[in-house]
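Taken from Swiss-Prot as is:
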type: ACT_SITE; residues: Glu246; note: active site
type: ACT_SITE; residues: Cys280; note: active site, nucleophile
type: BINDING; residues: Ala146, Pro147, Trp148, Lys172, Pro173, Ser174, Glu175, Asp209, Ser225, Ile226, Ala227, Thr228, Cys280; note: NAD(+) binding site
Amino acid sequence: MQHKLLINGELVSGEGEKQPVYNPATGDVLLEIAEASAEQVDAAVRAADAAFAEWGQTTPKVRAECLLKLADVIEENGQVFAELESRNCGKPLHSAFNDEIPAIVDVFRFFAGAARCLNGLAVGEYLEGHTSMIRRDPLGVVASIAPWNYLLMMAAWKLAPALAAGNCVVLKPSEITPLTALKLAELAKDIFPAGVINVLFGRGKTVGDPLTGHPKVRMVSLTGSIATGEHIISHTAPSIKRTHMELGGKAPVIVFDDANIEAVVEGVRTFGYYNAGQDCTAACRIYAQKGIYDTLVEKLGAAVATLKSGAPDDESTELGPLSSLAHLERVSKAVEEAKATGHIKVITGGEKRKGNGYYYAPTLLAGALQDDAIVQKEVFGPVVSVTPFDNEEQVVNWANDSQYGLASSVWTKDVGRAHRVSARLQYGCTWVNTHFILVSEMPHGGQKLSGYGKDMSLYGLEDYTVVRHVMVKH
């Protein structure tokens, strides 16, 4: 397994403390990797800053060609990436290969095209004898922090728009699941000029803080927890860096009496538990109108009970383990606290799986109330709650009564109601009669404590640029 850092076009061993990397399906240590030292963090940022002088002036065509080559290499090595993601993250191998790798490849190909479509405005004369124009230019060095749940996918979401816009990047993957990012570094080093992409390894305190606080870094992009986002915003405030934050969610799933119950059950079974629920858009907070509440709970409980947890390399496995022992304990604690309320009923699951690995049973909880922690706080595991509601006004207020604002869905056959409710929901994305579906052409990002800034789409590309005015006297 590739375990070296990429700094200024060279693969080098870390000079810091060694950290274990685990296989969550067994609990065994896969390998130990040395963190980047403070000097190596500085070297990576300075290499990116030096490379920006030339990379930032390349044509969109040149940048697009590099991104397309990287997409091709990822596709050619899809099985290798899927196996690494499966072993390090615990994902079912077939899901990583069939679902994630094609989407990752598509992100790079989309931004290769988008790079050639990004324009400033050629405006006109707003002062006699002077012509104004608007430019969209790259910022410089971007520090990107990728999370442990979709390491390679999130690395793609950050690298592709930043590079397409002409920036240089220093990427720090989560120390829990770094292997696909380190493999990507190995393959990317021969495609991009030295220093354009740098990949480090290490914990937040030892590597993340010196990276994000470095004076040469112009922007920090994070996908992670609210706590990590707060820390980075505070840490970077003295240097007034631009920040791009995607900080999790607690997606409301609003099911009206007229909804297609079979479609809801199928959708939540898939989109509430994909990646063992370790997804910021997971369909985890169901509000069911009272007319269909009992039926939905019964049918959904039966469906969730059929989900198969197992070894990631088993083709029949639908749910793998959670990412770490610490996270398993967090999920277990959240469910135990829900059970202790007395009014929340465990329909299925509600316990750790016996044996090796960090497995938690797919869980459905019914009877949750609006103020319950299981409704208000992100669990980030295979846990879905169901809360009954009376009417449209009540459920919209409840759905919006959350610190999160990333994703939501509405299930109804009434087109007018779908439009009406969608317009009032305070979430970056609202799906109607589906959930979880993302495409490269559309923006992904939240509001409230879920953060700001967009991933994917032309909006995502613009986030990695600075708007400049140039005036010419003639």
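Cβ atoms are placed via backbone N, Cα and C, with glycine included.
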From Ala146, Trp148, Pro173, Ala227, Glu246, the recorded positions whose CA lies within 10 Å of that of Cys280 (active site, nucleophile): Glu246
Separation of alpha carbons, the residue listed as 'active site' and Trp148 (NAD(+) binding site) (Å): 14
Ala146 (NAD(+) binding site) - helix vs strand vs coil (DSSP): strand
Residue with minimal Cβ packing [other Cβ atoms within 10 Å] among the recorded positions Glu175, Glu246: Glu175
Ser225 (NAD(+) binding site) and Glu246 (active site), distance between Cα atoms, whole Å: 8
Proximal but sequence-remote residues of the same chain as Pro173 (NAD(+) binding site) (Cβ under 8 Å, at least 6 apart): Ala146, Leu151, Ala155, Thr180, Ala181, Leu182, Val199, Phe201
Three-state secondary structure, Pro173 (NAD(+) binding site) (per DSSP): strand
Taking residues Ala146, Pro147, Trp148, Lys172, Pro173, Ser174, Glu175, Asp209, Ser225, Ile226, Ala227, Thr228, Cys280, which bind NAD(+) in the record, the widest Cα spacing (Å, whole number): 24
Mapped DSSP class for Glu246 (active site), helix or strand or coil: strand
Fewest-neighbour residue among recorded positions, criterion Cβ within 10 Å, set Ala146, Ala227, Cys280: Ala227
Tertiary neighbours of Ser225 (NAD(+) binding site) (same chain, Cβ under 8 Å, six or more apart): Leu247, Gly248
